[in-house]
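Not my notes, these are from Swiss-Prot:
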type	residues	note
ACT_SITE	Cys108	active site, for GATase activity
BINDING	1186-1243	FMN binding site
BINDING	Cys1239, Cys1245, Cys1250	[3Fe-4S] cluster binding site
DOMAIN	108-507	domain 'Glutamine amidotransferase type-2'
REGION	1599-1629	region 'Disordered'
TRANSIT	1-107	transit peptide
Amino acid sequence: MALQSPGATGASSSVSRLLSSAKLSSTKTIFSVDFVRSYCISKGTKRRNELSGFRGYSPLLKSSLRSPFSVKAILNSDRAAGDASSSFSDLKPQVAYLEDIISERGACGVGFIANLENKATHKIVNDALIALGCMEHRGGCGSDNTSGDGSGLMTSIPWDLFNEWAEKQGIASFDRTHTGVGMLFLPRDDNIRKEAKKVITSIFEKEGLEVLGWRDVPVEASIVGHNAKQTMPNTEQVFVRIVKDDKVDDVERELYICRKLIERAVASESWASELYFSSLSNQTIVYKGMLRSEVLGLFYPDLQNDLYKSPFAIYHRRFSTNTSPRWHLAQPMRFLGHNGEINTIQGNLNWMTSREASLRSPVWHGRENDIRPISNPKASDSANLDSAAELLIRSGRTPEESLMILVPEAYKNHPTLMIKYPEAVDFYDYYKGQMEPWDGPALVLFSDGKTVGACLDRNGLRPARYWRTSDNVVYVASEVGVLPMDESKVTMKGRLGPGMMISVDLENGQVYENTEVKKRVASYNPYGKWVSENLRNLKPSNYLSSAILETDETLRRQQAFGYSSEDVQMVIESMAAQGKEPTFCMGDDTPVAVLSQKPHMLYDYFKQRFAQVTNPAIDPLREGLVMSLEVNIGKRGNILEVGPQNVSQVVLSGPVLNERELEGLLGDPLLKSQILPTFFDIRRGIEGSLKKGLLKLCEAADEAVRNGSQVLVLSDRSDNPEPTRPAIPMLLAVGAVHQHLIQNGLRMSASIIADTAQCFSTHHFACLIGYGASAICPHLALETCRQWRLSNKTVNMMRNGKMPTVTMEQAQKNYRKAVNTGLLKVLSKMGISLFSSYCGAQIFEIYGLGNEVVEFSFRGSASQIGGLTLDELARETLTFWVRAFSEDTAKRLENFGFIQFRPGGEYHGNNPEMSKLLHKAVREKSETAYAVYQQHLANRPITVFRDLLEFKSDRNPIPVGKVEPASSIVERFCTGGMSLGAISRETHETIAIAMNRLGGKSNSGEGGEDPIRWKPLTDVVDGYSSTLPHLKGLRNGDTATSAIKQVASGRFGVTPTFLVNADQLEIKVAQGAKPGEGGQLPGKKVSAYIARLRNSKPGVPLISPPPHHDIYSIEDLAQLIFDLHQVNPKAKVSVKLVSETGIGTVASGVAKANADIIQISGYDGGTGASPISSIKHAGGPWELGLAETQKTLIGNGLRERVIIRVDGGFKSGVDVLIAAAMGADEYGFGTLAMIATGCIMARICHTNNCPVGVASQREELRARFPGLPGDLVNFFLYIAEEVRGILAQLGYEKLDDIIGRTDLLKARDISLVKTHLDLSYLLSSVGLPKRSSTSIRKQEVHSNGPVLDDTLLQDPEIMDAIENEKTVHKTMSIYNVDRSVCGRIAGVIAKKYGDTGFAGQLNLTFTGSAGQSFACFLTPGMNIRLVGEANDYVGKGMAGGEVVILPVESTGFRPEDATIVGNTCLYGATGGLLFVRGKAGERFAVRNSLAQAVVEGTGDHCCEYMTGGCVVILGKVGRNVAAGMTGGLAYILDEDNTLLPKMNKEIVKIQRVTSPVGQTQLKSLIQAHVEKTGSSKGAMIVEEWDKYLAMFWQLVPPSEEDTPEANSDHILKTTTGDEEQVSSTLAEK
């Protein structure tokens, strides 16, 4: 039976009926429950089979917090409340461990309703329940299909309901001013619950509060899902009277203190996690649980009671990637409802812990210690953000001010911000050095009971729509259409853009939009005065103009600090010459540092983490306006105190300092900088020496800070380096001091600067920053730049024109520029925008360092396999140091061969000998030659973690004849996703033909596929075919189609026909060799053939963004999976991830999002081009990722739901069997498949000069391609036979029988050169799936369940029109739960007629609010009209047809002022027309290829990455217009002359519309827009054409300059006067 997807809904007829009745019937809550149930389960369809469970192997916190407030102490102590305070030293700072943080990730659907008259009604609560139910598809469910990931409501306290209860209990009516209400989850055990309540009562009484009573909250337990019921708490309410405070804020503070004391009192108890305050307040209350949206109101009968009234409600539906039933993580939290993910959370938690010691405020009257700890590393990111906001609000900040501090907008590089509200810029500048942003996708709803509001993250990565009605109600929601609405009463429709906020003042009945909110908050204090008088900017200083060391001394120091000739030549000198990071290819096939037999720098044991699925990466090149490397140096003030003293800091434009700039900081009298040498003494032996040196350094740092130093400069600079005093690895030193200061409450008092010789690559800088350094002076790297510039070789090459001439100053500037650019890329991989959020965030994982090292310097980072001790690390450090001081010191740097293969250098898995042996075996079809190849692999050095494992068996060997045939095994083999463009057509098609012969699967990669490949060959003669004349070795019956067709971020070639001709569809989220990055196919590789497949022009660079712009969260991924299942219900959908710590949690979410296949790629996968630092330092080994994924999925009950595929460096049958034993069902080969078809590992893929035509588009090189399909067939058959042989030795007949059997693996008895590793993580097991691998692989494609398209396709007239190419007209209602509407119809048409062959006309009119992905993947002949509004992703992937969207006629707003469609419209569209009467959200026409559109205003990033088509915008646009736009044209009406500052001018030029052809194109599109939509704005423009034509700008990329529509003679050359005119106009406004 097929499994259903998230949000599977029935036909819309029942919805229509219910919506109609909703407007007329009473508003009793019981109706809303029925409505929602019908909405989501109509026609008896089953609930969707989203699955989840628990992750039971997360380690506990390394140190638990035991407080004097233990339960025993509380119950037996009579001491006064005033004595119940502990000092900061009693509260050991809690470390944020990565394993805890990544165990919970999520996303959601959220919204609020607020009555401006502050009128409490039950209708508000009822409407919130309805809206919540209409976003059920944005939430997740457990493996039992009924346990929701969480839903809840926050409202004001329903005093009428509680007073009725009080009266029945004989309790006097509650004094609303002085009564607090606690909503608690309590232990289920009766005795423990009694004990818990005693503790709570005791603390309340000791604090002077009177407990008025306890109320058992009525619940309907029978409707709770099985999983959730296992941990369902007892839910009670406690009512307390506060007698000593009159002000609301004081009452709330007292309740806050009580709650914190209670939490600390029970923290050390075994049942502590079972006690949780959902809320404890005098103003608000939260009802929530592990429930689906539609049952929240049923579970809590209170919510159905007419006496439950509130003037506002915040509602929240959660989608957690890892849902063991944890009731307290449901939302809303106590203040916030959060949709998104905080990707800086580890750093945020560490910094919050650091600042606890400095927290002081008069409002606490000396009780600050009683509210610590503020954060909880074991809670979710949302819970910790809520705790941070709660601290600020309870300390006197308003909710709006608190959120502006925590989630600031991108106020730098904002063209109009200084004009609109300069005081807000001062506010942000003030707090920039006080609080690191909580960065990541975030729609945050908030309320303290007096105000309710919402704010959006700086990048606008979550949808947020709002509207207001004439009866003074304001609505905000993740989607429009969540409530039945009389459109005639709607007076305003809008959306929150990036960094924007909306706030409703309930007490004064006012709505404040973004600018008003920011101005009001910024006016509280004279921030501008404080900033201007106290914040100092470090002025850039000139670089040194000559070398300061002799050449021999420079060489000696380079040797001492671990430099190799590759590091100097390929990294430092390349950066100095070109000003950018060097690019390489083919992935990393060398051993990781701990397995290497050569010494490595400490940095090499760290891998950068990256964003995938739960939050997006950022494009640092095209969206750099939201990023900044600015850093504040100096003491951070007390965040609870506001005043000028907090900004006595120095601002650096970036973290890389030259020597003179460091001197300037050292000379600043206010900073009181202290230089701390970082050397350790080995004169008494190596044992313990490094640890002693670190302890001495930490003590010196401690003393310096306590003596007032605000800057600690850790320096390994020495005039005379000594052989017996080696330098402590700077990363180790920085981490140790950072951790020491945190543990001692001193971290906020000083910045750390590294003055180091051992830092030259981007990765080194990133590591130092990530573990606490605010700035780095790379003195030896700068000296190396100077020596390079002065060398005779460089001088001669410049003189001879072999390299550009650069000055000494420019060489060093280039180097710093390259580092800064690389750092932005590192930040962006994780989706982090600001340096301040990355600093100290520890966004790395460690491979090969033991617990001693990690706990000393890198506490909280994941190191799953152990590794080097401090003494072993000291020995490795000394390997470099001793060489530098030996008598026979080399006269040149050694080439370790870490990057390029060289004899005698580091071992490379893909070495020339291996390639030759493999070529011989497959070309000669020689078993003997393959045996030699096998022996070569068996004799290689330990290279990857699986090399440390070997097989053991519980059975006797069997004859190989009893083992399943090779033909069955090869069906599990796949090739990697290599794009046609990165590799040649010959290579791509040869691989596909070979895999089809075998019954395996090839992967198209990005870039589409030629339809000629989809049909079997019938014209083969002597191995050649006129259909594919460039190939050889063919047979009749061969097909060159790729069974797996990839959907990557650029969506190149993704058309409806491409999708419907796939057996599987792969969503490529990340790539092993460069996770978190996008790609760019250089124009020189875009031939006419490639351009045709990608719907572009030859020679035009084609950019693939780092993220999918329709995947910013897990529920977005679920939507894309839904889209693909919609258009091709027969294709399994796979999601490609890259191994990293936490992948199990992500994989759990992917399985719940209804994926059929999860692919895990290792770091050692190949690439056509990538920065060296990415190839070497990002991504993890698949062995660890596979182990984590298998355990998590089994633990969560999800394993049977998905196929697990793994790839990365596979070379043999041994690799296949180890992967199988660890849980993989299918196995991918990339690099080896290319080698088998002819690749010689020249490693110049990125140059387009591949000598054998494997990775080149040059015809003369492609002609040299030697590969035959039979070669690859031979390779895979040899692999399969090898698998059979090993299975026979193990005594197993089928591969099925060993999948997941880690008990068949053991650690090899082998000694590593450097240390020993703990492989228990790889070998441990949590059980096996309940079904066999074959059963899982053969299960049906997961289903979307009944959808609106199914109903339409059952209409005889529609089917007749499709079958016989007729014309049909249909009209029907649509609702937000109707998603991807028309996608399935488009798939049916595309399968029958292709992308352009349908001659009929389907004219479908919808009325209402369309769900996500409306009109996706349309084909020509589909004409779709929507009267109403739509959510995100309208026209996604459309190849033709027409979409018209306009609001209903009887509205209370002007359409051109209203947001009518959501974000990311026309993503990847390859044709068709879109007309929108109204405004769109962010990223309109992103990656549009050929569609034409007219819209009346857009948000930020419109026309981003466009490669074709035409877009007309008749209104205002946001920032960053046309970033990455390499093709197509755009026309933008600029009535107020504000466009120029919003333009991204990197590629496009901007001109007035002077070409007659361009004018005709523009006018005809506007006329069509008026005709289709009735647009009054468009009609006015056409009527006064000459007037408005002069206001239009035409955006022209280079590829369009010679087209008739764009006359290059009139390109605007922006002058100073033009810019002044624009600035003047902005100032007037």
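Even glycines carry a Cβ here, placed using N, Cα and C.
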Cα distance, Cys1245 ([3Fe-4S] cluster binding site) to Ile1194 (FMN binding site), nearest Å?
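Cα to Cα, Ile1194 (FMN binding site) and Cys1245 ([3Fe-4S] cluster binding site) are separated by 40 Å.
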Using the Cβ centroid of Cys1239, Cys1245, Cys1250 as the reference point for the [3Fe-4S] cluster site, which residues of the same chain not in that list have Cβ within 8 Å?
Cys585, Met586, Ile983, Met1234, Ile1240, Met1241, Ala1242, Arg1243, Ile1244, Val1252, Val1254, Ala1255, Ser1256
Rank aside, I only need the closest one: which of the binding-site residues Leu1186, Phe1210, Ile1218, Cys1239 has its C-alpha nearest to that of Cys108 (active site, for GATase activity)?
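Going through Leu1186, Phe1210, Ile1218, Cys1239 one by one, the Cα closest to that of Cys108 (active site, for GATase activity) is Leu1186.
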Relative to the Cβ position of Phe1210 (FMN binding site), how many further Cβ atoms are located within 10 Å?
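The answer is 27.
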Can you check which residues sit near Leu1186 (FMN binding site), meaning Cβ under 8 Å from its Cβ, same chain, 6 or more apart in sequence, and list them in order?
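Listed in sequence order, they are Ser1139, Ile1160, Ile1204, Val1206, Ala1219, Met1222, Gly1223, Ala1224.
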Distance check, please: Cα of Met1234 (FMN binding site) against Cα of Cys1245 ([3Fe-4S] cluster binding site), rounded to an integer number of angstrom.
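Cys1245 ([3Fe-4S] cluster binding site) has its Cα 12 Å from the Cα of Met1234 (FMN binding site).
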Roughly where does the domain 'Glutamine amidotransferase type-2' (108-507) sit in mean pLDDT, to the nearest integer?
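Across the domain 'Glutamine amidotransferase type-2' (108-507), the average pLDDT comes out at 94.
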For Ala1242 (FMN binding site), just count the other CB atoms lying within 10 A of its CB, please.
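Result for Ala1242 (FMN binding site): 15 other Cβ atoms within 10 Å.
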Where among the binding-site residues Ile1218, Met1234, Cys1239, Cys1245 do you find the Cβ with the fewest other Cβ atoms within 10 Å?
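Selected from the binding-site residues Ile1218, Met1234, Cys1239, Cys1245 on minimum Cβ neighbours within 10 Å: Cys1245.
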Could you state the CA-to-CA distance between Cys1250 ([3Fe-4S] cluster binding site) and Val1202 (FMN binding site) to the nearest Å?
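Roughly 38 Å, rounded to the nearest whole number.
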Consider the binding-site residues Val1202, Phe1210, Ile1218, Glu1226 and say which one has the Cα lying nearest the Cα of Cys1245 ([3Fe-4S] cluster binding site).
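Result for Cys1245 ([3Fe-4S] cluster binding site): the nearest of the binding-site residues is Phe1210.
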Per DSSP, Cys1250 ([3Fe-4S] cluster binding site) is which: helix, strand or coil?
coil
Using Cβ atoms only, which residues of the same chain lie under 8 Å from Glu1226 (FMN binding site) while being at least 6 residues apart in sequence?
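Looking at Cβ-Cβ distances below 8 Å from Glu1226 (FMN binding site), excluding near sequence neighbours, one finds Arg972, Phe973, Cys974, Ile1157, Ile1203, Ile1204, Arg1205, Val1206, Arg1337.
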Which residue, of the binding-site residues Ile1194, Cys1250, has its CB surrounded by the fewest other CB atoms within 10 A?
Ile1194
How many Å lie between the Cα of Phe1210 (FMN binding site) and the Cα of Cys1239 ([3Fe-4S] cluster binding site)?
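Cα-Cα distance, Phe1210 (FMN binding site) to Cys1239 ([3Fe-4S] cluster binding site): 16 Å.
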